[in-house]
């Protein structure tokens, strides 16, 4: 193989045969990038909710330990939480390179408020997230035994509407803060962000399933309600609460970025010797020698 052929092969592999670091070639127009991202977000949201709804519905259908008052038992909550957690985790990991792997209008809104996501892209993604949620809910209702309406997010008997709004706000704020600090803020642990996001969802569902249904995602509540044609009169709280939580999380993120939070606890992503001691005003090992 000639040197020219080797150079071209290196370019195709993303290599640096001539020692020059090249920026990736842009092949897509702005419109095409939006369309590709929308397609990825639709498929990712659909898969997340399809398997989340299906797992949740099957747990409800097959559970033999349902509480006597007709509410879900603790075991049912755990299995349902695992269904949504793993469905979200694997699909975020698969699609974050395509669209960001958001799958949630509240998260999308939060990233736009934080200045991470352009508003036009945010609007496009929210539209496809809602379309995907309806498709997922409809297919689960058609393909699995049971009524998809069983997976609706509903308030607990002792949860008022006002309390439900604020609970959803804090639940969603937790999720969006995790996304901003683990996925948006780049570090040596960023590749593990989907695991952190999944664990956040699991902990939120354990805490909130009995009180609000732990929606934290307007698309998750919307898709099954449309497919089951059953909207509780307070369905709006699963929009207002999560969007309030996104606003809270985005505000926190902007404050800590403005305050240069990296300087408060420096060196957290350090893997070598000289930098951290220098930041702390101490001699490095090489300087000490």
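Any Cβ shown, glycine's included, is placed from N, Cα and C.
What TrEMBL records for this protein:
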- 1-21: region 'Disordered' (REGION)
- 35-55: transmembrane segment (TRANSMEM)
- 76-96: transmembrane segment (TRANSMEM)
- 102-120: transmembrane segment (TRANSMEM)
- 164-184: transmembrane segment (TRANSMEM)
- 191-216: transmembrane segment (TRANSMEM)
- 236-255: transmembrane segment (TRANSMEM)
- 269-289: region 'Disordered' (REGION)
Quick one: find which recorded stretch in 35-55, 76-96, 164-184, 191-216, 236-255 has the most Cβ pairs under 8 Å with the transmembrane segment (102-120). 236-255
The transmembrane segment (76-96) touching the transmembrane segment (191-216) per 3+ Cβ pairs under 8 Å rule: yes
Sequence-remote partners of the transmembrane segment (76-96) [C-beta within less than 8 Å, at least six residues beyond its ends]: 40-41, 43-44, 47-52, 54-56, 59-60, 63, 65-66, 103, 183, 193-195, 197-199, 201-202, 205-206, 209-210, 214, 220
